[in-house]
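Reviewing the structure listed below.
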């Protein structure tokens, strides 16, 4: 086997994605040059002028909240974890992009974090299973004190905000609870005072405090804003009285003129006067408005939505401009055109998207509402994008306009789950949920099925073709991989294993195939007789869902959230990529071998740097 290989870190180049379902997850840095947002277990710092990203990695699970200090020197991010375990709060040094301290007290989830105005303290709020608020001393990196966030008669607490001029005063709000807290550093205690809202019953989702700390404004699920006096803890008034915002106010941002920006659960953006009356200024975005971040000059603001889209809006024109979009549900497949490494396509629920690899910009969206696309492929001549859908249809689109080219209805009766296209770009091979493999001929007169290969008894998960188009291999959840003779349209070889196969690939010289699946094993097999050559432990904890061979190496990704680069002959891991926070579904190496793309259940698309590799020579004796 030779000497052991030193496992190196795979370099993460760029990320397409945005955790839009996190309240206040899109943050504008005080320097006016950076915006910060979460994606999975990573915090992304994006330079909006240079269009570059840097990544803060340290969380073991998805980031649940994010905050930036007034000075801009610190960032804080909280996470969720499994039931019964403690969730971390990480404080980052912004300039160094380095971890400053890790603070652990809350159980299961950190709901919100906030910095005091002079960076002396940080407050963190636990989730529903924790129901506590903790004050941390940033200089000593330790907890000062903590308390139960709300009375037992109240519901969960959702919002947290420090005052703008005092380090010892902050507020929390939630389900039928709104409290002002005062810190006493000498006695290491915090004392809460409940605000008197009279007969009003409200669920507070977001809180903003006026610059002079006179009032706080609370956005509620009822679609109105409460104005509460911070000195007397009494409600002053609330509004708008008429035309409340549908689905509640999910985000709130104060303006220098005394008014405020509000975003609703149905995607409405509008402004309120200081009297809390609605103005005529209004626009709509796609999805729940989960965060609003005002720019440094207050002439524009950034909006993050629950559909994982980010907008920039000029205050004067008030017209949203989309600056980035991403999948908000599971990404099921990824593919490159045969001779291009500049573009790639991904499939998900309701749509297929084509991306520019270097910039991460969305170039094309092929939408089919309320159905899931399981697989996507470019024809070798580049004149069509072929997609497989769970409604049993194969749909082809023009790659430039995105208009439909043709549809094969009832291609499979349990959904189309896998696709491959021959080099003539006229023959399509599809696999279905019922286990059949079907061959389709596409020409000017229409689309016709030329063969149905019935061997698999489970869902066909992957189809790979030989270069000469005379043979293909299909993987299935029934524990078999079948090599098909496409000239005689019969089975050539079959491979059995005690697993559900998720991925199969040909070795570049096509004398071997490599398989992976739920048993966490990577198998090497001879194509001429189906005998097993080698078996590797592909993962220690979870199934392998995606695999791609390129030259002397191959990539794997799966339930352990890691991207692994393997040396084919040695059967050893050479690089590991850490960045996904959810199960990886597919991986693909670009045709030039310079970068690879991986996709995951949470909608994230990650691009990794790879060094080009030579093609494999004859198989080594093992």
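Placement of Cβ uses the backbone N, Cα and C atoms for every residue, glycine included.
Residues or ranges marked as domain 'EML-like first beta-propeller' in TrEMBL: 52-308. Taken from TrEMBL, the feature repeat 'WD' applies to 103-146, 324-365, 409-450, 453-486, 551-576, 577-610.
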* Structure fact -> Long-range CB partners for the repeat 'WD' (409-450) (under 8 A, at least six residues beyond its ends), listed in sequence order, are 374-381, 383-384, 386-394, 396, 456-465, 467, 469, 472, 474, 476, 478, 482, 484, 486, 489
* Would you kindly list the residues that approach the repeat 'WD' (453-486) from elsewhere in its chain, counting only those six or more residues past its ends and only Cβ-Cβ distances under 8 Å? => 414, 417-420, 422-424, 427, 429-439, 492-506, 510, 513, 515, 517, 525, 527, 530
* Asked: What is the average pLDDT across the repeat 'WD' (453-486)?
  -> 93
* If you run through the repeat 'WD' (577-610) with DSSP, how many residues end up as helix, strand and coil? -> 0 helix, 19 strand, 15 coil
